[in-house]
Amino acid sequence: MSAPTTPAAALDDVEEGVVLRPKFDAAGLVTCVTTDAQSGDVLMVAFMNDEALKKTIDSGEAWYFSRSRGRLWRKGESSGHVQRVLEIRVDCDQDAVWIKVEQGGGAACHTGRKSCFYRRVDRDAEGAPLLSPVDAERLFDPAKVYR
């Protein structure tokens with residue numbers, strides 16, 4: 001199954017229609033929110049280009065586009081922590097994607113943590129923003145996995 005990605009469509013068709021018509025930004029990317037299918041926890045936020053979205057739909061595994069590396073990558077290609085996609089959704093105007101996954105290896109973050117969202121914004125005694133670890137246990141050692 002290949003995803004049609006027609007760029008232009010009537011607003012009603014985009015918001016209420018049944019045809020996948022992702023609205024990619026000027027760089028050809030769409031934001032992807034990835035959550036754990038069982039717990040609902042946010043694991044990561046990444047980007048997909050047209051090819052990454054098609055590969056994700058066709059393979060049932062999460063593919064993303066790395067802005068820093070300028071290339072497509074399959075989640076888990078280095079770590080072995082592959083994301084098996086159970087559901088894909090788009091938002092109302094199809095400019096964001098939400099995928100629900102089973103996270104292989106238990107960790108989605110390259111830092112070795114379950115989620116990339118392992119710090120909460122709190123305030124110090126003077127009221128300045130301060131980052132506090134939350135659910136920050138490392139499930140693997142990145143130095144050993146990404147050699």
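Positions of Cβ are set from backbone N, Cα and C atoms, glycine also.
In Swiss-Prot this protein carries:
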type	residues	note
BINDING	ASP91, ASP93, ASP95	Mg(2+) binding site
BINDING	CYS92, CYS109, CYS116	Zn(2+) binding site
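Positions of Swiss-Prot features highlighted on the structure.
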residue	record	DSSP (3 states)
ASP91	Mg(2+) binding site	coil
CYS109	Zn(2+) binding site	coil
CYS116	Zn(2+) binding site	coil
Legend entry - Site of maximum Cβ density within 10 Å, from binding-site residues CYS92, CYS109: CYS109
Inset, instruction - Determine, to the nearest whole angstrom, how far the Cα atom of ASP95 (Mg(2+) binding site) is from the Cα atom of CYS109 (Zn(2+) binding site). - result: 24
Inset, instruction - List the Cα distance (Å, whole number) between ASP93 (Mg(2+) binding site) and CYS116 (Zn(2+) binding site). - result: 26
Inset, instruction - Sort out the sequence-distant neighbours of ASP91 (Mg(2+) binding site) for me: same chain, 6+ apart, CB within less than 8 Å of its CB, listed by position. - result: VAL97, TRP98
Inset, instruction - Using all protein chains in view, find how many other C-beta atoms are within 10 Å of the C-beta of ASP93 (Mg(2+) binding site). - result: 12
